[in-house]
Amino acid sequence: MNTMAMCDRFERDGILQIERGQPLDPHFADCAACATAQRKYERILAALPHAEPEVQPPIGWQARVLRASDTNAEPAPRKAPASRPLAPEIAFSLGIAALLLAGGLGVGSRDVAVDVTGEPVVEPRVTVLENEPDTLLPTPEPLALAVPTGDGSENAEPPRAPRPVAPAPPRAPSRQDEPAPPPAPETRAESEARNEAKAPAPEPATNAEPIQAPSRARSYAPKIVRPAKLYGFDLKYPRMAAYERVQGEVSVQCTIRADGRNTNCRILRGLPFLDEPILQALSASRSDPITVDGRPVDNSDHIWRISITLREGNDQPATARGVPLVRWKNGI
Amino acid sequence: MTHVIAAGRAHGWGAVDDAPRKLGPDERAQEALACGDRRGALVLLMQEYGAAIHRYCHKVLRSRPLADDVHQLVFIQAFEDLGTFSGSNGFRPWLYAIANHRCLDALKANRRWFARFVFGEEPPEEMDAAPSAETQVAARDLPEALEACLGKLKPHVRIAVVLRYQEGFSYEEMARICRERPATLQARVARAMPLLRQCLENKGVDPR
């Protein structure tokens, strides 16, 4: 009886026979353990089609694919086989480059100057790396498609590495020139992409006045406002860093919550002795939330660039051991 | 399909209303290809198979962000290769073959990336024969537990099971998609079943 319970011939041979469409061994009809195993197998087979995750493609993916395919359609490049192994050095360099360009999804940056001598904070150099609006905000209406605003600054940044999204160049008018367009069914994504392609199409300069785009071809560009200030940024400048006179620029990526908290901060580019104090100071500080069309966005990534400069000069106060005394100005 | 008709009217294409609706998506995509409209064919394929391919990528990769990226890559590559598509077996196995290879590429790249890091060993846990109460509650539903168990299979085995019993391909179609022999895939599926049964029982689900 015990040997019957231990029989695993069905799982060893029976399942393979079923999968290959072969007749089952007569043993399985007599063996109770095999009959039980067969029932379990059939139950698993019945449940497998229902064991699917409920996931949907991301919003706007069709438009992104069409834009990328428009970009690729012109030169008709032949891709190298993607399965070819990449040299580790190249792969690592690409990974670092992608990390630095991580401007991609919801990431912008601000430069914040920190004067460690306690002087008033000056020169808030601002570098905005905009990203694609539709990564932040779903398309609000069926015919509106999120496109880059085209003011130059955000288009200068290449797209995030893993996403095959590229700014759509203005397409040459193709459909209009055709004498008899084939009655291919038009879909929403294609019509959106067509409207998007029509809008920036260069028109011959026959009139000095700007030509108004048709009403259906209007594009939607959400207004993204990123925080410029950190409140309560209290950096504890370590003694060793002061001794080594560490200064420079650090890049920290944080997730800004809707209430202005900076969470999940991580150093992208750090400085000796200063990484941990900067992370602590950022986590304890607050900023304005990132807003899209005036509405605060929760959990949006942001890159803070903090410039730490030691003031040079003879009036530098020093401790008895010669370490520069560091005073901090809060409220950056 | 309302938006299709509305878009056609907006562009002055009255013929869209009268287009025959009996053709399947594959035939319409073939017609678009025959007219040289690769873009139209791509749109049709995205509408018909977009969600299914995304689900398949997610099932193979077990990661939503990775699946989103690979899913778009699949259709971009499909657009590039539409000119050389023979059409002998239909678009569905062709798209799944592209998705399969791109998923394997992504898994390989991920594996290489994580191989660069040394993770600390997890602290030893005391063995308990009975599944935890949390596991029992979470895995009370067989399909839900089965979905979790599928994630524990090796990628090649998981691909075989998913293609066979979730996507409904025959072993011959699977052989073309995976570029393997049918007997190999049959053996993989057969070996996966005891593993799934064992995983379910560990989760406290008895598939009887």
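Glycine residues also receive a Cβ, built from the backbone N, Cα and C atoms like all the rest.
All TrEMBL annotations are machine predictions without curation.
The domain 'RNA polymerase sigma-70 region 2' annotation in TrEMBL covers B:45-112. The domain 'RNA polymerase sigma factor 70 region 4 type 2' annotation in TrEMBL covers B:144-193.
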Q: For the domain 'RNA polymerase sigma factor 70 region 4 type 2' (B:144-193), would you mind checking the mean pLDDT of the predicted model?
A: 92
Q) How does the domain 'RNA polymerase sigma factor 70 region 4 type 2' (B:144-193) divide up by DSSP, counting helix, then strand, then coil residues? A) 38 helix, 0 strand, 12 coil
(Q) Per DSSP, what is the helix/strand/coil residue tally across the domain 'RNA polymerase sigma-70 region 2' (B:45-112)? (A) 60 helix, 0 strand, 8 coil
